[in-house]
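Colleague: What follows is a single structure, and I will ask about it in a moment.
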């Protein structure tokens, strides 16, 4: 055997040769650390977010074609890249050379905010264009299905990509065949004045053309290598692992005989996550990526044979081609497989994962195995002993020894038979999110009838997600043989299958009753599908489906999206070069798109740098009996392990009223609490050592996880907050009706794309320390680090260039991590880097507070609410953090848009044994307002009115007073409501929804509209201070720094717009480097929607100071340039630097009196959403959303609209699909994108229309603008209440007329189980207390 151990591949056109390759090295760290190509980002490490997307290209010497495909660099072992060409975002374009059209368009179409996900987005689209220069919208959405974005809401990204499509900008999906952009801007009414409608915020005609001839060519050397068919086996090894890549089938069998336990990997999408997340280790890996026999495609007389080495994407293309060429009766299996291949994972994973690997892995929630299991498929196996064929059946899927592969065998190919006439195959799945999400339950079903008699001859039904393996209901199917296909058979089948496919109440994954319901709901769908086909085949003998049932068979989800935007006109008196009010591109947009934007972990390694990782508690409430560090300390590369004992008297810091310990001392109070910190010379060694730290615990009582448990144990933080207005008790005596209710609202993970990251560098002189950190609050980082090191603050400088998303989650916990990291750096005199993995970040940092809201409302029969008594309980977690502030803001904002003449609201932050929850975009308002809106909805139901009528009758009117006695002018609130009513055609569509619901039993539509009043301010003048520093250099260029953090909201862009206006110079003349405590000290936190407000006023002040100094010089030489004026000023000894300062808004709140002026102004808005739900599965589709917002005078409509729609999508996720799951022991189950689902492109509204009200004056703010970062989150609940409306319609048709309270998030499980029917009544129910549930509702 001729062996080679040298690895050769190309990266961005440059040859890479590695002689000593570690098989455990993945491409992502290799690119970032070894090649310093940091454009490719770490987002999750498991192929679930797309941030690390690159293009892999290979030449096939047989077809003479080059195949380009997207791939997740975090899962690709570099050993698998021999002979491949890797292209990263740096390789397609750069600001130093030329940017690629993809990079240009995604930037100029405002498709970047924080920019962290952008390189992955760019590479997914770039790869698509390499294969399809003029893609369809279907191809476009498929290509982006594996990429997540937490900021933009996806609309601008889709708009950018549409410019490459065959019919650019067209929605391509309207029922009448007319694009939405050609329908008079979708028929949206124009406002009277001050605004204009545009489908885009960019000029398409200015874009660079896409020219395929200018792309990087595939390296000729690799083509020659491939043509030579080198017969050298590749062997790579390290101390821990060997990697074998055979070149022939015979050699593969020899390796498998020699190493029978070694996994055979193609794409590493199954083995890779097991190694990373489950700690599985394989000393030998076999990679047969060059063996032709594994990529066979054979069309035989009885079916199709597909090689086990084919990627799922290749299988999808092959099957799509087959179904085009063969009659439908032969391709039933292939249609079913295609249905699931379209939603299975993302494009990257589908291009990496192999068919054989997917089958052999036998994951219990596999989407393909249930279909293959019912289709009489067989597996062709091979070993040194010879060939063997086994059926792909339940015995194989459950790994029965006599039906499984032998250790020395490999899977060569799969036989998938053609279907026959009178044979029907279908596939079903339901997931938390429709694409790139593991199924909750999936199924494959096949039935074969006698010739035209409707009698079942064969029946096979398999399910995934309901057991440890794919389950086949063979006993039930056998009992149904010989029966007629009718409703009697269906009823018997449901009962048989529920009895056979049984689920324990404690089954992993939870959702047990939902899963039981899906089992028979899918069967009913199959029954309807087959019945419909039978009717078409033989109209005489088979009855038609009832018209009301036909919609049950229609697919909910559309891949086509259209949008219109309406933003403000620029006044005729404004100078043409004044950028204020123009849709200016995010000034880092191009750098985001080229990968040149530097984030914290992109900074180069410092000499002798160490890496720090944490060991966290595995118990929720326990005493630490002992910590054994000996084995971990003895490992190679480990420098130190620090515990609370090392930090001693600096192991805590008090920011609010309660100090929080950095590292646990004698007790732990939640799973995920920091216990000790491991310091090593590499990230790999630090993480390996952390796993060897042994901690012995002794559990303590009580274990408090839920709000109800905290109430029971009187466990809450002090003080209780209370807000009272009017006389509630007296008002209850005079109302017509009184109702009481409660609603639970789950928490939310920030899921910023860039995890917690920092690099602390000792300067080696005067004890100075530089802290580079991804944070919203540099001053706090400076203070906590200085306190920990017992240094004055002037020795510690904190630097933040940009943050890859934050949403409130990069403040207090970031400070604790930074303090420990700085302590380690100071102790050892070496730079220390700390970057949390996604799972660590989700476990440690907490998120949005879960809420329990209780309400008692007194109201008149016309819907007027005269008395409201509310109680808010938040699940604060184990420490105070910012929970009291969240409760306060929730109470102050709970009235939303409504005037309640008599109001009492109390709030408690509940202490529990969960990681501390913290600030999150909206800061208590999304929870508090949902409670209020739920009460409104229930009042409407009691009065027999629509919720919208009750909303408008209780809404603030013109000048009024809030419960805390602050004056409010609600004119723009009413205008937003009216404009949204008109823009959405609410009245007409409400009639259409009711008509649809009357005609359809299993699908229902809902329509809901909600108003928004969002107070903006931080509650005190001190919190609203801001400063800025502006320098003018002698060449006329300007450098501006300020205290705000750029975290995607475009604050730096707006600040440069301010400088441009105030100094009357082009924006290109102004530069902004980042934020540092060295240049702007004592800056407040960036949050609360006021970052641009406050810092903009400080920048404006600095500029006006400079302009006042320079006015005499400018007036003497009005035609001069800034270079002339700066030089003259210098010659005359005039200071060309100025500090700007803003004292903060006049704001205060007296909680003892329950009154004050805590806010500077109010943002108003309204949103209307229409949804369609599938009553059988709980699935939903957002058909259309219309949003109208009052933004004052927009500084930058592109950025402002981006904030509105990004917040809306994040809020939609909060209220619908984002679900945190904790075990009864307090362990977080949802620790990554595989388990926790944020909205993806498939969740976008099919139609999205956003309008800004005409300009309105607001004298105290920056150019009369308003901060919009947080307010739009709440508008996502328009989707929640539209679903509520649809569920109500379903329940009423089923005779369920009682009160309906739906908790948030309104997941598929809750939707389905609320749509009660004969199937939900049929399932068995477990008695509470008779089992230990998998998860506990928090």
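Here the Cβ of each residue, glycine as well, is placed from N, Cα and C on the backbone.
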Colleague: According to Swiss-Prot, 264, 265, 266, 267, 268, 269, 270, 271, 345, 354, 358, 411 bind FAD; so which of 321, 367 is the extra one listed there?
Modeller: 367
Colleague: Where does Swiss-Prot put phosphoserine, among 626, 1068, 1089, 1288?
Modeller: 1068
Colleague: For the Mo-molybdopterin site that Swiss-Prot lists with 113, 806, 807, 1047, 1088, 1089, 1090, 1091, 1203, 1268, give the additional residue from the candidates 74, 149, 151.
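Modeller: Candidate in the recorded Mo-molybdopterin site: 151.
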Colleague: Could you work out which of the binding-site residues (113, 268, 270) has its C-beta surrounded by the smallest number of other C-beta atoms within 10 A?
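Modeller: Per-residue Cβ counts within 10 Å for the binding-site residues 113, 268, 270 bottom out at 270.
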Colleague: Average the pLDDT scores across the domain 'FAD-binding PCMH-type' (236-421) and report the rounded value.
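Modeller: It averages 95.
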Colleague: Using residue 113 (Mo-molybdopterin binding site) as the reference point, find which of the recorded positions 266, 270, 1068 has the shortest Cα-to-Cα distance to it.
Modeller: 1068
Colleague: Take the Cβ of residue 1091 (Mo-molybdopterin binding site) and count every other Cβ within 10 Å, whichever protein chain it belongs to.
Modeller: 27
Colleague: For the binding-site residues listed here (52, 151, 266), which one has the lowest count of neighbouring CB atoms within 10 Å of its own CB?
Modeller: 266
Colleague: Go ahead and report the DSSP secondary structure tallies for the domain '2Fe-2S ferredoxin-type' (5-92): helix first, then strand, then coil.
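Modeller: Counts, helix then strand then coil: 19 helix, 31 strand, 38 coil.
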Colleague: Excluding near sequence neighbours, so keeping only residues 6 or more apart in the same chain, what lies with its CB under 8 A of residue 345 (FAD binding site)?
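Modeller: Counting only residues 6 or more apart in sequence, the Cβ neighbours of residue 345 (FAD binding site) under 8 Å are 47, 146, 269, 312, 353, 436.
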Colleague: Once the chains shown are all counted, how many other Cβ atoms turn up within 10 Å of the Cβ of residue 149 ([2Fe-2S] cluster 2 binding site)?
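Modeller: Excluding its own Cβ, residue 149 ([2Fe-2S] cluster 2 binding site) sees 31 Cβ atoms within 10 Å.
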Colleague: Where among the binding-site residues 264, 806 do you find the Cβ with the fewest other Cβ atoms within 10 Å?
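Modeller: Result for the binding-site residues 264, 806: minimum number of other Cβ atoms within 10 Å at 264.
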Colleague: Using the Cβ centroid of 114, 117, 149, 151 as the reference point for the [2Fe-2S] cluster 2 site, which residues of the same chain not in that list have Cβ within 8 Å?
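Modeller: Leaving out the recorded residues gives 112, 113, 115, 116, 118, 150, 152, 753, 804, 805, 1048.
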